[in-house]
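Peer 1: TrEMBL lists Cys41 with the feature active site, thioimide intermediate. Taken from TrEMBL, the feature active site, proton donor covers Asp48. Positions annotated as substrate binding site by TrEMBL: Val63, Glu64, Leu65, His82, Glu83.
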Amino acid sequence: MKYGEKIINEFDIEKDLEIWPNSSKNDYAIRITLPEFVCFCPRSGYPDFATIYLTYVPRDFVVELKAIKLYINSFLNRHISHEASINEIYDTLDKKLNPKYLRVVGDFNPRGNVHTVIELDSNLVRKEKFDVSSITLETTRKF
């Protein structure tokens, strides 16, 4: 087994999703694009590919970038639906970071003439709302 496979296969969300204290008192948005998300359809077993867009306004913590990459890569060998994967990513980051605002978008590549986008936004989930009028929520690939 190659070292990258070993790291991905052994990724433990509790100990490996590293977070750091947010040292800023200002509200600011962090936008992360992860263009190589892969999981397997739980019904057919076919691979599903997506770009994951994360936008969050930190409260006390920020996520370390290598850790979020490895977490997203840990879905590689899992049989999980589009909906379940995005909900799991949202729930995990919301629990670990407790951000003021969190948005997770999964833009799945078309398969069988169907293009699916799953979006979870803390303003839809929580009673506490965060004013996102100053945050760019665009999810267009720019690389």
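Numbers here mean position along the shown chain, with the first residue as 1.
Placed from the backbone N, Cα and C atoms, the Cβ positions cover glycine too.
All TrEMBL annotations are machine predictions without curation.
Remember, it's a predicted structure, so these values are computed and weren't measured experimentally.
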Peer 1: I'm trying to understand the geometry here, so how far is the Cα atom of Cys41 (active site, thioimide intermediate) from the Cα atom of Glu83 (substrate binding site), in Å to the nearest whole number?
Peer 2: 11
Peer 1: Which value in Å gives the longest Cα to Cα span across the substrate site residues Val63, Glu64, Leu65, His82, Glu83 as recorded?
Peer 2: 25
Peer 1: In sequence order, what residues of the same chain, 6+ apart, have a Cβ less than 8 Å from the Cβ of Val63 (substrate binding site)?
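Peer 2: Listed in sequence order, they are Leu17, Glu18, Ile19, Trp20, Leu93, Lys96, Leu97.
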Peer 1: Would you mind ranking the recorded positions Asp48, Glu64 by how many other Cβ atoms sit within 10 Å of each Cβ and giving me the lowest?
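Peer 2: Glu64, out of the recorded positions Asp48, Glu64, has the fewest neighbouring Cβ atoms within 10 Å.
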